[in-house]
Every structure is written in structure tokens, then in C-alpha cells.
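Database features, via TrEMBL:
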type     : residues : note
COILED   : 324-358  : coiled coil
COMPBIAS : 767-777  : compositional bias 'Low complexity'
DOMAIN   : 65-223   : domain 'CSC1/OSCA1-like N-terminal transmembrane'
DOMAIN   : 244-401  : domain 'CSC1/OSCA1-like cytosolic'
DOMAIN   : 414-681  : domain 'CSC1/OSCA1-like 7TM region'
REGION   : 762-785  : region 'Disordered'
TRANSMEM : 65-86    : transmembrane segment
TRANSMEM : 153-172  : transmembrane segment
TRANSMEM : 202-221  : transmembrane segment
TRANSMEM : 415-439  : transmembrane segment
TRANSMEM : 464-485  : transmembrane segment
TRANSMEM : 506-526  : transmembrane segment
TRANSMEM : 554-581  : transmembrane segment
TRANSMEM : 601-620  : transmembrane segment
TRANSMEM : 626-644  : transmembrane segment
TRANSMEM : 665-683  : transmembrane segment
TRANSMEM : 689-707  : transmembrane segment
């Protein structure tokens, strides 16, 4: 399902045919065969099954909603209270103040034990008010600011939508049916389901749809323009970065005369870029060197441990003569082995050995940003698969192993990733379908007759059908971001930032297909799948109606994902367990280092975007959902401001390249909202409203095309004008020479960096590089937010 959705519309680098066919199907679904003879329906077609489906669809139960909300609020208050208590304990500073400790900031704690340290405190929430965008930009970069502005965009949008929904749509829905409601505990009376067929009140919904769509597009344009100006300013502020002077060159031809790639680089750029070319750094196959360096680090760690233990034993007079001699012999053996490793590394780094391991990849440095921008964004050779140039990532962002993959092999690596995600999509359909079976009591009784015993215990049915399904679904989707980021490692992306951005896209559309659409299908259409096969023309109508039928499930999903999920993000239970095991076993007595992790965009951005998409689709259908979205975004904003200040570090800076992805997610949600309303207006026998929505859909798609032309190129490329301005600014301030010298030596491969054999280097599993991997991220064991 997600693979089809990714082909729906051409949103930047995301496209899909499935949504186009869905649009056409829902467009056709709104008409009556008696009114429009241009659409030919089967002669046996009848609207009675659809009307029956509308009347008999599962209703939103107030009891289940209250139970789910109560449990989630209680769990969130408990977790946040526990977090506020642990945050005040000095012992847990490496978890809750990891970023500040890594920057050597002083953390103030009470030096004495007091009752205040055991009482919950909410001062960490009040700190949020004093955090400005300029502070986030200076300390974390534009990527983190884009993430924060995603929450602000959602709050601005959904607060207005909530006002429209609660003031206008809710009274209209409540009074939309002349017949008395059949169940006073049902919340369906506040949704569009309560509007009578053919009622002129549906024009109120159409007007609100136009207003909400227009307001959303206005905010998107305003935000895109603002972040674009921020990006230009950030590139100017970071003009000392070496990537602005550098070009990554791949598929370098082999010189038969000198038997190297390097001489070709120097000859080519000296000839065709004579006034701007400065130098080059060829890359090497450093697998053998990396293996030796790992051995050296292990040996140094063992030597340091033996020396530390000997010192402690001497101080405590616990060392016997036999033990001391044995440890001295072990120490001498390790030092001899270290000397042998040193000689091997020196041999591997000799010029002759390096020339044999040259790769057809190089970082080429230019004398100006203007020259680098021209070279990176132009074709260098008539053969497009030779001398491939592109703007490189910053040095700390480079994935060196991926550069060893030939460019011609990259399509096969990406195909392998798509196949893996497709298989994951198929297997994930099983738990989603099972969860929806639990959410519907009648189906649960059919599958498990013993479930009727739940009615004997008051409130148990509401807990099982209202709260447990969302918890199980969140538990399953916990592993999805980690699985997909692990698969993306096979794709051969040259930087962590590109890998994370691609993983963001893949996780989002996976969630759209498997959490949203599959929940709709399995929850509302599973019982009538046989009839759907008999009457395939009914499927689009039922799909549109399914959105209204599943409103209660998505309310509980948002409550669980937001209240419990964000609370677990703040508490970090996985790291608490890991720290307890580590401190009491293999690291007992050692100095504790902070748990430094890079910000997990690929895990957080898709889930927040999914919730915003659900809110947009239900903005007209079920306005009661909107206040929950506002609460979700408020809690998420508070929690992640705290995490940005105290926990996560910045390991790369793309200068806002996450915003085009977020823009496409939101625009995709607006299009789905409009497509859904086309189908719902048709189900309500209001074809004129359906036809009137089509121009709105077309305008939205045209707006997307305009944004791709107006904003997207500046996020992908570095304009020559800005490059020249930054060069002139450096010349005036006398910084050009120092920035150029820094760029010439910034992209040295890790295997060629100098090693200090005199220091005992212990492996630090909490380094930024290690923490960005899938295995270390899984230690958190928390709900994805």
C-alpha cells in the first residue's frame, strides 16, 4: 500500500499513481446514475447497500473515548512526574543533561539531600517560554529550527481549524438530522455522519473545506518563504564551512600511464578550471587500515585498563607479587603487539600501498565558493557517467564507506532497499489487521467467543477495545523507523543527512499506507470484503465513509502516541535500564560519560506529520478530533524544546533541507482531505458539492507545482550569486585564506588521520557516531513519537 502511495502525486521527489486513481474513483463515486448518464454503472447497482453501510457503520462511543483519555492522561502525568524527579538527581545527569555535559556546561544541583529533590517539579516546562528561534538557530542549527517550526505551523493551523470546527461545524452536525439519535452515548451526532442526505447544510462543510484549504496553503507559502530566507542567512553565517569550497567528484577515469586516478584529477581540473582549481584529496579503500585501527584501539583500551587496575591495587595493597608479575607480562605482551600494529599501519600508509588502493572518488577544493558552485552544478564531460560532480556534505556528515560504492551500482542498492521495504509492508499488514479486529467488539467476539466475558467486568470492554489497540499498534510501529534506517544503509547514500531524509520519506509513506489506510480498510471494510468483490463499484464509496467510521480509533491513537509517547521520550526508559545494567556490571567503578545521541529526525518527523495528516483529513469530518491534535502538538513542542536544550546534539547541518519534505507531507495531507470530501459529498447525495471540490483540488496541485519552481531549487543548489557575495564578504574581512586552508585539509579520510599511540583510548559506546547507528538507538526502547 505504501509503495503505491509514494507514487500518488509529484511532491518534489515523491510521486504516485495510486492517489491519482483513488482521486478518479472517489470523483466518480459521488454521482447518481440517474443524474449523470455519462458515467455507466452496472444495471444491478443500487445505493441501498451504501445507505445501509452509512447507517450501520461502527459508532464513536463516548465511554471508550473517556476511558482511553483517562488512562493516557494518567500515564502521561505519572511519567512526566517521574521524569521531573529523576532530572533533579545528579546520578542521572549523563542521561538528562547529555548535551550540556558534552559541551562542558556546569549543571547546578543541590549538594545536600532534601525533600524537594523527591517532589515533582514543572520548572522545565516554564523554560520553554524563554527559548527563542535565534537561540535554537545558534546552538542547534536550522534543521532543528525547521523541526520546531513544524510544531508551530501545526499549532497555528489546528487552533484556527478547531475554532472553525467547534463554533461552526459542530452545531451544524449536531442539528443536521431530523431524526432523533439512536444512541445518546454515540459521538457520531457531532460528525458529518449525522447530516441528512442531500441536505443543504453540506454547503457549510464545503465552505469550511475551502477556508481550511486556503488557510493551510497560505501558511505553507509563508513558512516556505521564511525558511528560505533563513537558509540563505545560515549559509552566509556558516561560510567558513569547507563544503562551500569543495566538490565531490566520482567516476574518475584511470590513468594507464601513471596507474593512478589522482593524476587524472589534477590534469582535468587544471585544464578546464584553471583559474579556480586549488587541490584535490583522492580517497582510498581503507578496509585493511580500519581493521588495524580497531585492533589498536582495543589494545590501547586493554593497556589503559591494566594500568588503572594496577594503580588501584597498589593504593589498596591488594596486589600480590604473582599477580603483579603476571600483569606486567601481559602489559609487555600488549605493548609489543601495539608496536607490531604501528609498523603495519605505517606500511599500509606508504605511498606505494595507497596508490594501489585508490578509488575513483576525490574531494576537489577550489579557490572560491563561486568556482566550486559552478563546478558542482554543471556537467563536466560529454559522457554523463564520467566526472560526476556534486556538492559534498560537510566533513562530519560524510559516510566514507558509501563513497567506495561505484555510482553505476547505486541503482541496484536502492532497488534492494525498495524490495525490503515492500516486504516489510506486507508483513506489517498482519498486526494492523489484528489490532483492528480487537478494536471492534463484534469482530472480537466472532474471533474469540470467550471475549463475551468482558461484559461481566464494568469498564473492561472499553479498555480492551478503546485503549489496548492503540497501545499494540504503537508497539509494533516502534521498530519501523529503526528497520527502515537500517535498510537505508544499503542504499549507498554519501552522508548521514541524506540517509535520514530518505528514511523520513520512506517512514512517512509507510505509516500513511499501513497505519492510516490499512487501518481504514481492515477496520471498516473487513466485514464486507466479500460484498466488495461482488460490487467493486461500491469500494470508493465505502473508503470515503471509512474515514468517518474510524474517527474513534484515531482519537485513541493520537492520545497514546502523544501523551504516552512524548512522555516516554522525556523519561528515556531505555537509557535508564541500559545505564543501570552498565553501571552495575561491566562499567562498575568507571567514570560515567554522557549518553550523546544525534537528533533522530527519521523517527520523529514522520510520526508528527502523520498525526497532522490525520487531523487535516478529519478537520471537516469529525471536528472533535481537532482539540486533541492541538494538545498533541503542545506537549510535543514542550518535550522537544527540553530535549534540544539538554539531551540531543547536532551531528550535521543541512541548512533547512528537511522543510521541503515536511511541506510535501502537509500538502499531501491537504490533497487527501479534499479527495475524501469528494467521496463523502457523493455519499451524502450532494454531487454539486463534489464537483465544486474538484477545482479546489486542482488549485492545490498547481500550488504545489508553483512551490517546486519557486522554492525547491534554492534548497537543492547553492546559487552563484550567494557564493560570490560570500566570497566578497570574506575578502573584505580577510578570512578567505584561512577558510581556504581549512577546506584543503578538511576531507582527509579517517584511515589517514594521525594516531596518538601514547594515550589509552577506551571505546566509548556513547559517541555521536555510534549513537547514530540503529543498534544504539534501539537501546531507548520507547514509543516512537
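Cβ atoms here come from the backbone N, Cα and C positions, even for glycine.
Fair warning: this is a prediction, and the values are worked out from it, not measured in the lab.
Counted over residue pairs 6 or more apart, the CB atoms of the transmembrane segment (554-581) and the transmembrane segment (202-221) come under 8 Å in fewer than three pairs, which marks the two as apart. Packing against the transmembrane segment (601-620) from elsewhere in the chain are residues 143, 147, 150-151, 154, 157-158, 161, 165, 169, 192, 205, 208-209, 212, 216, 481-482, 484-485, 500-501, 503-504, 507-508, 510-512, 515-516, 547, 551, 554, 557-558, 561-562, 565, 626, 629, 632-633, 636, 640, 658, 661-662, 665-666, 668-670, 672-673, 676-677, 777, 784-785: each is 6 or more residues past its ends and has a CB under 8 Å from a CB in it. Long-range neighbours of the transmembrane segment (153-172) within the same chain, counting only residues 6 or more positions beyond its ends whose Cβ lies under 8 Å from a Cβ of the stretch, are 190, 195, 201, 204-205, 208, 211-212, 215-216, 219, 223, 608, 612, 615, 619-620, 623-624, 626-627, 629-630, 633-634, 637, 666.
Listed as Cβ neighbours of the transmembrane segment (626-644) (distance under 8 Å, sequence separation of 6 or more from its ends, same chain) are residues 76, 124-125, 127-128, 131, 136, 140, 144, 147-148, 151-152, 154-155, 158-159, 161-162, 165-166, 555, 558-559, 561-563, 566-567, 569-570, 599, 604, 608, 611-612, 614-615, 618-619, 785.
The average pLDDT the prediction assigns to the coiled coil (324-358) is 80.
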